[in-house]
Amino acid sequence: MLKFIFKRLLEALPTLFILITFSFFLMRLAPGSPFTSERAYPPEVMANIEAKYHLNEPLYKQYFLYLENLSKGDFGPSFKYKDQSVNDLIASAFPVSIKLGMVAFAFAVVLGVTAGTLAALNQNSRWDYILMSFSMLGVIMPSFVFAPVLVLIFAIYLGWLPAGGWNGGTAMYMILPVASLTIAYVAGIARIMRGSMIEVLHSNFIRTAKAKGLSMSRIILKHALRPALLPVITYLGPAFVGIITGSMVIESVFGLPGMGLLFVNGALNRDYSLVLSLTILVGTLTILFNAIVDILYAIIDPKIRY
């Protein structure tokens, strides 16, 4: 098992290197400059600014310099936020995004697995139709559409919840962003779990367990749940990617001081260092989580270890 884990993590390194390389050159080759504005700088001032940030160097030298700094954990200075490094900006924004993403992910898994299991146990019943109808609604409605609807109902009309802000990540301020992020993935997980659980419940070993007189709760928890989770675990990798990238949109909608707001401001102001660093960070989390999903799959189903 340790050999499989080491191999899977090792395979992620080339992907990370390609991500860093492509992101760097795409950002540098984009038209415009971080210092392009309506106010034109004198040529001497522009030359000094570019020399300060090594933008006057050939592109390949900038690339190797960036790799050297990156190997030391230095993301470089921000071009927009004066006298602040990208490391400091990410350090203040990352806890907001990761807390929002992890809470949304946990709720999506728990609610999705529970709803899918209940629908499978009550196949073709009223509860099954209700749960699957709600899941279909969650699939077809993207989070950036669902979020304003929630704000309109619960913040403006009813006044139960704040329409935006963070306030240290208290529960009241997280309910609407988490709900906006979670709904689509609860729906996706529920539909996958329902189909998988129905298939498992019609297996021969489940019939044997029923013939032995085991209770349905014991059959589900001890025999059916583990094999039924395999397709769900496969879906968790893309779901995590969707939640992390979706949180950037949701943060902009609710005005949360996370990586999403930084990314939008950085992109609008051509802040190369900031946008590149956030892209690499999100990409690294994505690659790492996909590797973790593969490892979890191997733990549950040892047949895939190779």
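The backbone N, Cα and C atoms fix where each Cβ goes, glycine too.
Going by Swiss-Prot, the topological domain containing GLN123 carries a different name from the one containing GLY266, and the two residues are therefore on opposite sides of the membrane. Looking at 9-29, 136-156, 170-190, 230-250, 280-300, the range that has the most CB pairs within less than 8 A of the transmembrane segment (100-120) turns out to be 170-190. Within its own chain, the topological domain 'Periplasmic' (251-279) is flanked in space by residues 19, 23-24, 27-28, 30, 32-34, 36, 66, 75-81, 86, 89-90, 92-94, 96-97, 100, 144, 147-148, 151, 163-166, 176-177, 180, which lie at least six positions past its ends and keep a Cβ under 8 Å from the stretch.
Beyond its flanks by at least six residues, the topological domain 'Cytoplasmic' (191-229) meets 112-113, 115-117, 119-121, 123, 128, 131-132, 135, 139, 235, 300 of its own chain at Cβ-Cβ distances under 8 Å.
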